[in-house]
Amino acid sequence: MVKAVAVLRGDSKITGTVTFEQADENSPTTVSWNIKGNDPNAKRGFHVHQFGDNTNGCTSAGPHFNPYGKTHGAPEDSERHVGDLGNFETDAEGNAVGSKQDKLIKLIGAESVLGRTLVVHAGTDDLGRGGNEESKKTGNAGARPACGVIGIAA
């Protein structure tokens, strides 16, 4: 079992953790989140981005992690970036707690997300269905108020 965590910080009140667990290279990865400080009753996009570089804030993380050259999509789509995690939903206080399994997110192997950045976006991810070029790249999910580098966890 490999475990990893991203501790979220940024230029906003959004904080939290996103954890990853994978039993072996052929198993799906469980992604769990506990994120506070978002807008209440909202859907917010979150993605794994290419770089683990946050020297200039979350913008240094680069584009979505996309080793196969696909267009942006929903986590359940066959045509999607590896880093496309979709949206999480917040409660009336702006907090989000949840988990999902993902078949493309890997902690083991050549396409591992270790050392890359998990970014929480300011808007809702349209899952590549927005009808414009930006939708096929970013899901029109907006600014990057919080992020954290994905590191090996104890």
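Cβ atoms here come from the backbone N, Cα and C positions, even for glycine.
The following features are taken from Swiss-Prot:
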{"type": "BINDING", "residues": "His47, His49, His64, His121", "note": "Cu cation binding site"}
{"type": "BINDING", "residues": "His64, His72, His81, Asp84", "note": "Zn(2+) binding site"}
{"type": "BINDING", "residues": "Arg144", "note": "substrate binding site"}
{"type": "DISULFID", "residues": "Cys58-Cys147", "note": "disulfide bond"}
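Long-range Cβ contacts of His64 (Cu cation binding site) within its own chain (separation 6+, distance under 8 Å): His47, Val48, His49, Gln50, His72, His81, Val82, Gly83, Asp84, Lys137, Thr138.
In sequence order, Gly10, Gly57, Cys58, Thr59, Ala61, Val119, Val120, His121, Ala122 are the residues of the chain that are 6 or more apart from the residue listed as 'substrate binding site' and have a CB within less than 8 Å of its CB.
With respect to Cβ neighbours within 10 Å, the binding-site residues His47, His49, His72, His81, His121 differ, and His121 shows the lowest count. Neighbouring residues of the recorded Cu cation site, listed in sequence order and excluding His47, His49, His64, His121, comprise Gly45, Phe46, Val48, Ala61, Pro63, Phe65, His81, Gly83, Asp84, Val119, Thr138, Ala141, Arg144 (Cβ within 8 Å of the Cβ centroid). The number of other Cβ atoms within 10 Å of the Cβ belonging to Cys58 (disulfide bond), over all protein chains shown, comes to 24.
Fewest other C-beta atoms within 10 Å: among the recorded positions Asp84, Cys147, that description fits Cys147.
Shown in sequence order, His47, Phe65, Asn66, Lys70, Thr71, Gly73, Arg80, Val82, Gly83, Gly128, Lys137, Thr138, Gly139 are the same-chain residues outside His64, His72, His81, Asp84 whose Cβ sits within 8 Å of the Cβ centre of the Zn(2+) site.
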